[in-house]
Amino acid sequence: MVSGGRVGGGEGEAGEAAEVAVAMVDNEEEVAQAQAPPAAAVAARELVVGYALTSKKAKSFLQPKLRGLARKKGILFVAIDQKRPLSDQGPFDIVLHKLTGREWQQLLEEYREEHPEVTVLDPPGAIEHLLNRQSMLQEVSELDLSDCHGRVGVPKQLFVNTDPSSIPAAVMRAGLSLPLVAKPLVAKSHELSLAYDPISLTKLEPPLVLQEFVNHGGVLFKVYIVGDAIRVVRRFSLPNVDVGDLSNNAGVFRFPRVSCASANADDADLDPHVAELPPRPLLEILARELRRRLGLRLFNIDMIREHGTRDRFYVIDMNYFPGYGKMPGYEHVFTDFLLSLVQKEYKRRPSYSSCEG
């Protein structure tokens, strides 16, 4: 059980949302220029990005605006044929993937060993950590930061894989308070349930993770991370629950997900205390530490601010390679990120003449 430890002492696809840029290294342009390979070398060939995505993910991510900008910047996206050996395809500069399964993971690990010069986004072993909600938030709970302009923790939660009739007793032993958010153990599923009373708990279907519901004013902050870049958008979320709700509601309320792209809250008329974004320094240090600990460069964090506070935040979920198509201006952020990988680890390859996948 993650006990909801705090951090610091100081302060799962549609629609477009207004951009809120919150993090970029101040001297990013100077650093990029200093690290960049000779312009002639970059122009000599395209940057080839092989992608292995589900058809749904490919459609939402590889939108025309991304493909068009990528072509202008010399980036070519090529579909990977999962039925053929990876070594027989390419050559690739970068492999971008979001597939699960032991067979794919083994193929990719073997490819990484044979082609260490290719950047794989991200290592399969690191991705595994975010696919299981029992362990997903452990790194957040173990962070020990100081002077980060706020406190970050995780709600109390309990892993349940037992007979449903025994769940109320397990919840009581763990010291969790109702209502509880029930989440499937496997993070691929976005369906959530809210249980208001002990009887409701017996209607749940393990294995799952139970998480204390924290009132947060009905607003959630989606923090998108692409390498060193951070973007934040506000989304409408579940409303606050008061004592009256606990008394008058019973049963299990199911939700397809806590937030959705159509529920963008950036332009809504919100209480300023609810709408205020988490402090930039807090997000920067949190993202940096999670990148280091998780070994990932493409993920997002779902954060909430405890209602009635200004500096107490909770991370309630994380996702690998989230729906970047919903992130404002994602095509610019993502193409810049891909080019930065070449600037840091530039290696000359034969030209690639195949058509886009």
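Each residue, glycine too, has its Cβ placed from N, Cα and C.
The 1D-myo-inositol 1,3,4-trisphosphate binding site annotation in Swiss-Prot covers LYS56, LYS98, HIS190, LYS222, ASN319 and rests on similarity to another entry. LYS98 (1D-myo-inositol 1,3,4-trisphosphate binding site) has a Cβ environment of 18 other Cβ atoms inside 10 Å. In the three-state DSSP assignment, the secondary structure recorded for LYS98 (1D-myo-inositol 1,3,4-trisphosphate binding site) is coil.
Here Swiss-Prot flags ARG133, LYS183, 211-222, SER237, SER262 as ATP binding site. Counting only same-chain residues at least 6 apart in sequence, those with a Cβ under 8 Å from the Cβ of PHE221 (ATP binding site) are VAL232, VAL233, ARG234, ARG235, LEU277, PRO278, ASP302, MET303, ILE304, ARG305. Under the three-state DSSP scheme, PHE221 (ATP binding site) falls in the strand class.
Taken from Swiss-Prot, the feature Mg(2+) 1 binding site covers ASP302, ASP317. Secondary structure at ASP317 (Mg(2+) 1 binding site), as computed by DSSP, is strand.
According to Swiss-Prot, the Mg(2+) 2 binding site annotation covers ASP317, ASN319.
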- ASN319 (1D-myo-inositol 1,3,4-trisphosphate binding site) versus PHE213 (ATP binding site) - Cα distance in angstrom: 19
- If you skip the near sequence neighbours and keep only those at least six away, which residues in the chain come within under 8 angstroms of GLY217 (ATP binding site), Cβ to Cβ? ASN240, LEU270, ASP271, HIS273, VAL274, ARG305, HIS307
- Item | Number of other Cβ atoms within 10 Å of the Cβ of LYS222 (1D-myo-inositol 1,3,4-trisphosphate binding site) across all protein chains | 24
- Which residue, out of the binding-site residues LYS56, ARG133, shows the minimum number of other Cβ atoms inside 10 Å of its Cβ in this structure? LYS56
- Message: Please report the three-state DSSP label of ASP302 (Mg(2+) 1 binding site).
- Response: strand
- For VAL219 (ATP binding site) and ASP317 (Mg(2+) 1 binding site), what Cα-Cα distance in Å is obtained after rounding to a whole number? 14
